[in-house]
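Trainee: Below you will find the structure I want to go over with you.
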Amino acid sequence: MQHTHTPEIAPQTAFESRYASSPAEVQGMNTAQLRRQFLIQDLFVPNQFRWTLSFFDRYLTGGVLPVDGSCPLVAPEQLKAAYFLERRELGVINVGGPGRIIADGTIYDLGYKEALYLGKGTRAVEFSSMDDQAPARLYLNSTPAHQTYPSRKIARADANQLNLGSVDTANERTINQMLINQVLPTCQLQMGMTELKTGSVWNTMPAHVHDRRMEVYFYFEVPEGQAVCHLMGEPQETRHIWVHNEEAVISPNWSIHAGAGTSNYTFIWGMAGENLDYGDMDFCAINELR
Ligand SMILES: O=C(O)C(=O)C[C@H](O)C(=O)CO
Ligand SMILES: [Zn+2]
């Protein structure tokens, strides 16, 4: 059923903090410890905001799945803010059915794989689904902000597209740069989406690190029964985390972030830190990875 008006409901907010960890700590972690520290699961629970705060650049990763009405964005107690975007900016990418976001009275309708940037100072934000049978699944990333930039929807056609990789190296993919400074101004948040072609399974290979920014990868469109083996760690001390559909992984500034799937898939990358230069990456030679 299509909604024309959705009553406001009181969504629950789940909030978890993850302290920053050093390369030396990570070298000694077993599988469970690595997963507890870096993997983010259960991002979409009906009528809940699910937040994980990483102390790497105070990056917030979250999700909301509105089903019974509209979910107003509330500032988690841990932010000690009068409202969520008092000192933050927010990026939203919809990975579900059609969604609607009303921000200080402006309506933004987000289709599948469309993005929205909301600037610092936006007070009232609510999220709803337009179709009961296919609720919106709104993936959220937020970073501290010290200046207000205009809120704006970024549709697929507004993104910068980079076509990288090849069939020979099983990494033919399209990088859609959505919330990045060539497309719109932000304080420090950058987000986009990388789609792997059928038969290609490797992302971000050759791998890189960027000491000036942390990054979070959110994997989706991972087919039922398939998974992605995400690689992290220092280039000569790599570790892996098996990631399933709609799960995210935190990548410290000192860590590679790459992966190979048992099929093709799509992922959203989001990052924050010192600069807004997407190309500021230190590449790691493939034959030097350990
Ligand atoms: O497939 C890729 O390569 C990527 O998508 C790389 C990410 O965009 C990234 O890690 C940016 O720093
Ligand atoms: Zn990166």
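Cβ coordinates come from backbone N, Cα and C, glycine included.
These came from TrEMBL, pasted as-is:
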type	residues	note
BINDING	HIS208, HIS210, GLU215, HIS257	Zn(2+) binding site
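Could you tell me the structural context for the features on the list?
Mentor: A strand conformation is recorded for GLU215 (Zn(2+) binding site) in the three-state DSSP classification. In sequence order, SER251, HIS257, TRP269, GLY270, MET271 are the residues of the chain that are 6 or more apart from GLU215 (Zn(2+) binding site) and have a CB within less than 8 Å of its CB.
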Trainee: Whose Cβ, among the binding-site residues HIS208, HIS210, HIS257, has more other Cβ atoms within 10 Å than any of the rest?
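Mentor: The residue with the most neighbouring Cβ atoms within 10 Å is HIS257.
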Trainee: Can you give me the residues near the recorded Zn(2+) site, meaning same chain, not HIS208, HIS210, GLU215, HIS257 themselves, Cβ no more than 8 Å from the center of the site's Cβ atoms?
Mentor: THR204, ALA207, VAL209, ARG213, SER251, ASN253, SER255, ILE256, MET271, MET281
